[in-house]
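A quick write-up on the structure given underneath.
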Protein chains: 2
Amino acid sequence: MISIIKKEQLDTRRKNDQDTERERRIVQSIIKQIRQEGDAALFRLTKELDKADLVTLKVSEEEIDEAMGKVEPAFLEALHEAARRISAYHEKQKQNSWFSPEPDGTILGQLIRPLERVGVYVPGGKAAYPSSVLMNVLPAKVAGVPERVMVTPPLPDGTVYAPTLAAARIAGVTSIYKVGGAQAVAALAYGTESIPPVDKIVGPGNVYVALAKQAVYGQVDIDSIAGPSEIVVIADDSANPVYVAADLLSQAEHDPMASAVLITPSPDLAEKVAKEVELQCNRLERREIAAESIRRHGAICVVDDLAEAFAAANQLAPEHLELAIEEPWQWLGKVKHAGAVFLGNFSPEPIGDYFAGPNNVLPTNGTARFFSPLGVDQFVKKTSLISYSREALCRDGKKVMTLARAEGLTAHAASIRVRLDHAKEGEQKGGSKRANR
Amino acid sequence: MISIIKKEQLDTRRKNDQDTERERRIVQSIIKQIRQEGDAALFRLTKELDKADLVTLKVSEEEIDEAMGKVEPAFLEALHEAARRISAYHEKQKQNSWFSPEPDGTILGQLIRPLERVGVYVPGGKAAYPSSVLMNVLPAKVAGVPERVMVTPPLPDGTVYAPTLAAARIAGVTSIYKVGGAQAVAALAYGTESIPPVDKIVGPGNVYVALAKQAVYGQVDIDSIAGPSEIVVIADDSANPVYVAADLLSQAEHDPMASAVLITPSPDLAEKVAKEVELQCNRLERREIAAESIRRHGAICVVDDLAEAFAAANQLAPEHLELAIEEPWQWLGKVKHAGAVFLGNFSPEPIGDYFAGPNNVLPTNGTARFFSPLGVDQFVKKTSLISYSREALCRDGKKVMTLARAEGLTAHAASIRVRLDHAKEGEQKGGSKRANR
């Protein structure tokens, strides 16, 4: 089922975007309808596309109370604990505004403030992932974003899947609207009578949601479009093949396009894991999906040594990287590109998906070379601060004018010069009453 | 020349993108040629589009030495000083990788490492801005990016404008290639025989460069596409109308599309500034550009009080915001959205463009609501770190399995369960020799 291959056969090519011209045109039409007709278009499209004939778009507190009552207490308890851990981790990402007053009277700095309003897209129905609600909303809450708006398509009976509402309450969503698809993205970007426009839209969705986000980018900020899940496990012969196989399959079960790769210098481990993957896969509920993923994008790559293994993993730049080796901390510094690294035998990747604390929204498709996990940083914006003193401007003004003139921007130079001239005048006249004019 | 208007007339609408379908197709064709033919396409397109018949693409150290010799010593000295200040400011943005070992044996953290290779686009010819080289390259250098590649279109004689090369050396560019346009962007994104592929492309350019960056986004990271310059000055009657007018014009001279707006509760200041703008504009070298900008996008808005002024400025979310008021520090906290804030009478906006330290690459077109200045952050990537102990997994495993099962992801649950089962076996058997398997 899972091929054992050489390093040269590892597929590090980026997956190309498919042609989405037809979907793009549909999305443009939907955006136009929302901009022109607001709520009316939302009701109409929700009826047409989600088959839900809504009376109101907003989810009430009572609906959420009801949902909390419907879900298993053990599930709620686990959600609460996960939310606590995720918040505690993201708290450590917070940065203060800083500034630097100097003896020459200058003050430079940087204000770091949360966005005002964020929209989180949550896919609907039973394919909804409560963990996704926590992971997309909690960093915004920790960052201090005061308004956290969730959109999610309703079921045909007009309700929202209860676990999704429960997760929303626990994560601290401030308002929820029963709309999905490109129309929800457009409503968040431009605003309607009911839905306030936001500054940033995050959260996974189907191709229409992804294209809509790209279309509104610039009007609002968006997150990166997530690709299929990826795991790379680097393992030596200290690893437990049962564990390794289980971890590979935990990603493969996501999607036939997901990829699960083992890289190991141990041919013995390679064979054992290959057998375990086949064995365990047949026991899975989602065995068809997992099996297809393993067949199409799974691999066990035998290399000469760990150094080669790390070189290969860096080429792949995986979303998730597990180090199931004897001395993971000694080798950690060799990891160049990965969304998240899991060290040792008791850090199965799903612990990161649900619970440990770090975000599960991670760069895919080789973008770990330059993208980062979702975090507090994505929910703040920075403003530079410059306060120059008269003394400092008199000292530096000529140099600034030299640079401006070199670029032909003489009005830039003039804005310095009028102040230098005035300061000179002030000195000649013995200083003016308004010292800082 | 400059209209005096009411608050309700302030234009806060986002500027819409023009239709660029034709340019987009040209860019797609160029990207295809570069991917298929590499250097050969670069030479050909440079000859066709820049009229330069090159022998080699790379700029030699000797060429840069020669350029250093050609520029004015005063200009070099000013560049050096600006580079020193810009680096010192950006050093303060650096963040360390952090981690948090807990008594339960878990360690969570975040690795923060520089990108490996960055490409900086620098427009060519005499419209080149040395300040732009410093501002785009120095944050990457401070971040620790080891390879900083510059691309810039050559003049027809095959040379590069000397001030551009001087700025590149001072900023610490590691290699320079004489290519521009969409072909340079494509070369950086995909690599050619001569030009190594990079992880991120930054730097301003014309519409072809901007479209090429959008097209390669995902293959590499890119910066935001910059729009026309904007300044908003909030001034009360403590302000000097000569200074205010000069600052408005310093932005207006960039581009007929640039916008310069004064917001003031003082009708007296409004009138004086209006007169000064007319007076000073007529003395400018770039008076046609500045006059058109002032006519089309300039305004003086009289409001009731400073509170209204700040509310209006926040709606505009300007690239540059000057506070030419009596007590700028008292009002600073009312600034919600701005790329950079300049406090007091001796902080003319050009001091930020060239010298003070903070970056001059700032969010335009209202995006200060959610975008930030260019900085060290844009040149690093983060990797989450998770190391769970056996103890912690035994404690938390059931909760994680509950969450995974709630999402129907039973292979996720299984990867936890195989470890919990094994831990139980280990206890029953009195512990195994390999304690961490």
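Cβ atoms are placed via backbone N, Cα and C, with glycine included.
Bear in mind that TrEMBL entries carry predicted annotations, made automatically and left uncurated.
As recorded in TrEMBL:
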- A:E319: active site, proton acceptor (ACT_SITE)
- A:H320: active site, proton acceptor (ACT_SITE)
- A:Y121, A:Q183, A:N206: NAD(+) binding site (BINDING)
- A:S229, A:Q251, A:H254, A:H320, A:D353, A:E407, A:H412: substrate binding site (BINDING)
- A:Q251, A:H254, A:D353, A:H412: Zn(2+) binding site (BINDING)
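Proximity to chain B, defined as a CB-CB distance below 8 A, holds for A:D353, A:E407 out of the recorded positions A:Y121, A:N206, A:H320, A:D353, A:E407. Counted within 10 Å of its Cβ, the other Cβ atoms near A:N206 (NAD(+) binding site) come to 14, all protein chains included. Same-chain residues at least 6 positions away in sequence with a Cβ under 8 Å from that of A:H412 (substrate binding site) are, in sequence order, A:A404. Around A:Y121 (NAD(+) binding site), the same-chain residues at least 6 positions away in sequence with a Cβ under 8 Å from its Cβ are A:M150, A:V151, A:T152, A:G180, A:A184, A:V185, A:L188, A:I201, A:V202, A:G203, A:P204, A:G205, A:V209.
Here the CA atom of A:S229 (substrate binding site) lies 7 Å from the CA atom of A:E319 (active site, proton acceptor). The Cβ centroid of A:Y121, A:Q183, A:N206 marks the NAD(+) site; residues of that chain outside this set whose Cβ lies within 8 Å of it are A:P123, A:V151, A:P153, A:G180, A:G181, A:A182, A:A184, A:V185, A:G205, A:Y208, A:V209, A:A212, given in sequence order. A:H320 (active site, proton acceptor) has a Cβ environment of 28 other Cβ atoms inside 10 Å. Of all the binding-site residues given, namely A:Q183, A:S229, A:Q251, the one with the smallest number of surrounding CB atoms inside 10 A is A:S229. In this structure, A:Y121 (NAD(+) binding site) is part of a beta strand by DSSP. Within the same chain, residues at least 6 positions away in sequence whose Cβ sits under 8 Å from that of A:D353 (substrate binding site) are A:S131, A:N360. Least packed by the Cβ count within 10 Å, out of the recorded positions A:H254, A:E319, A:E407, is A:E407. A distance of 26 Å separates the Cα atom of A:H254 (substrate binding site) from that of A:Q183 (NAD(+) binding site).
When every Cα pair among A:S229, A:Q251, A:H254, A:H320, A:D353, A:E407, A:H412 is compared, the largest distance found for this substrate site is 56 Å. Across the structure, A:Q183 (NAD(+) binding site) and A:H320 (active site, proton acceptor) are spaced 32 Å apart at their Cα atoms.
Between the CA atoms of A:N206 (NAD(+) binding site) and A:H320 (active site, proton acceptor) there is a gap of 22 Å, rounded to the nearest whole number.
Residue pair A:H320 (active site, proton acceptor) / A:S229 (substrate binding site) shows a Cα separation of 8 Å.
Following the DSSP three-state reduction, the secondary structure of A:N206 (NAD(+) binding site) is coil.
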